[in-house]
Amino acid sequence: MNTAASENAKITDSTPEETGDRVRLKKQLGLLEGVAIILGIIFGSGIFISPSGVMNEAGSVGLSLTMWIMCGMLSMIGALCYAELGTSIPRSGGDYTYLFEGYGPLPAFLYLWDAMLVFVPTTNAIMGLTFANYVIKPFFPDCDNPDQAVRLLAAAVICFITFINCWNVKATTKVQNVFMFTKISALVLIIVCGGVFLYLNGFSKFMNPWQGSVTDPGRLAVSVYSGIYSYSGWNYLNFMTEELRNPYVNLPRAIYISMPLVTIIYVLANVAYLAVLTPHDMVTTKAIAVTFGHLAMGSFEWIMPLMVALSAFGGLCVHVMTSSRMCFVGARYGHFPSFLSHINVERYTPTPSLVFLNILSLLMLFTSDVDMLITYSSIVEAFFTMLSVSSVLWSRWKRPNINRPIKVSLWIPITYVIVSLFLIVLPCYVRPFEVGMGVGITLLGIPVYYLCVVWKTKPVWFQNTLKHVTFTIQKLFVSAKEEKEEDIWE
């Protein structure tokens, strides 16, 4: 997820207001801010990665563009369902809140569990690898990037950004306007250059659009996951429902405006790619925008890797900052070890949760195969998104009389659930390793939930062990802080 700085400042530093005896978040986000948040989140590094994966599984120009349109439509249908959820349950928390309200604490915990162990670190790894590939590719224009160099650079940038967020969160938020500008500019540049190239060279690459189309439903489902990754973020406005002015009107309007706009821009970007590159070029390149720039921009080709690298860097900065807050809140609710809820009293940053997620993100760099990481994380996330949407149907049956300012037709959530079921089941024989990893980690969360959350009467030795581990980790942070102060004095 990638978010503009100004919006992140509003999200993370919102000023509370008092209403009677309760303190609430200020309703300071309007329609324009809501649209900007969704666009800022969705427009990230995905569109500079996913086209290769979509083309690899779709096989043809026509089917590839069809997949991008289908991904946009599926995201739009899901967003409409989330509009009902967001206004009937007008509390921040997004999927965690909807799953808790619909199905109870266990599914909500499993969502948080997978978010911390799958979605978040995998997304950090993908963004780090994207940055590394685009920085390194200009030095190896005619061959593949060295795998070890890509992973080492990705690890270095993840650690560096984690350090920045531990040191001073304002350093992250201040530069986001620059990174937002580079993301939008890179997309506009691709579309304009592709349009000019298409005008000068004709439509010959679009003459047989369906040639080579794949018919295997499993591979087509995987292509949807590659495309849907670029649309990730359409549901994140629901995390800020409490801060949205007139949410019953502005929430659906923000979705109606932003999702068709994103779909149109993504389709135009892919048309631009296909105007310059052959399907084989798209499948074989690790940095599609670099290859595009080399063929379409002449002596100015250096601009494209620079802009995409900055875009990935900015997206990673924001994702590290915002995801650590989810881990921090989960620990405060007792769903994670208590030390993850601690704050650095000098820097006012959740240092333990940042370091914890940094370690998990580095573990995800066991591979530099971005497509595999996208499929792995997207399948798991699609399962919980499907559960959240299905809670619309569950709520209609179990709680028919609750206030629903926005009420979608039943065919909308039913369609989304049915399509999602097919997308979750079909890749099992095409990508068994990725599916198996996701299922295994999710199921592992069940005994952890009952052992660490539900079981209240733990033996004394068990509680003492947990306290000892927490104390040891706290001591490590204190020791590091003391060493830093000694170095400063020296």
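Glycine residues also receive a Cβ, built from the backbone N, Cα and C atoms like all the rest.
Any TrEMBL annotation is an automated prediction that lacks curation.
Record features (TrEMBL):
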- 29-49: transmembrane segment (TRANSMEM)
- 61-83: transmembrane segment (TRANSMEM)
- 110-136: transmembrane segment (TRANSMEM)
- 148-167: transmembrane segment (TRANSMEM)
- 179-200: transmembrane segment (TRANSMEM)
- 251-276: transmembrane segment (TRANSMEM)
- 302-322: transmembrane segment (TRANSMEM)
- 373-396: transmembrane segment (TRANSMEM)
- 408-429: transmembrane segment (TRANSMEM)
- 435-455: transmembrane segment (TRANSMEM)
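Only sequence-distant pairs (6 or more apart) were considered; of these, at least three Cβ pairs between the transmembrane segment (373-396) and the transmembrane segment (408-429) are under 8 A, so the stretches are in contact. Simply put, out of 61-83, 110-136, 251-276, 408-429, 435-455, 251-276 has the most Cβ pairs sitting under 8 Å from the transmembrane segment (29-49). Remote same-chain residues near the transmembrane segment (110-136) are listed as 1, 44-45, 48-49, 95-96, 99, 145-146, 149-151, 153-155, 157-158, 286-287, 289-290, 305, 308-309, 312-313, 315-316, 319-320, 323, 326-327, 330, 335-336, 357, 360-361, 363-365, 368, 370, 373-374, 376-377, 380-381, 384, 387, 438, 441-442, 445-446, 448-449 (criterion: CB distance under 8 Å, separation of at least six residues from the stretch ends). For the transmembrane segment (435-455), same-chain residues at least 6 beyond its ends with a Cβ under 8 Å from one of its own Cβ atoms are 105-106, 109-110, 113-114, 117-118, 334-335, 376-377, 379-380, 383, 427-428. Only pairs six or more apart in sequence are counted, and the transmembrane segment (148-167) with the transmembrane segment (251-276) gives fewer than three Cβ pairs under 8 Å, not enough to call it a contact. Here the transmembrane segment (61-83) does not lie next to the transmembrane segment (302-322) in space: the count of CB pairs under 8 Å, restricted to residues six or more apart, is fewer than 3.
Nonlocal intrachain contacts for the transmembrane segment (251-276), taken as residues 6+ away from its ends with a CB within less than 8 angstroms of a stretch CB, comprise 31, 34-35, 37-39, 42-43, 47, 51, 54, 61, 64-65, 68-69, 71-73, 75-76, 79-80, 82-83, 86-87, 187, 190-191, 193-195, 197-198, 201, 205-206, 230-231, 234, 237-238, 241, 244, 282, 288, 292, 295-296, 406.
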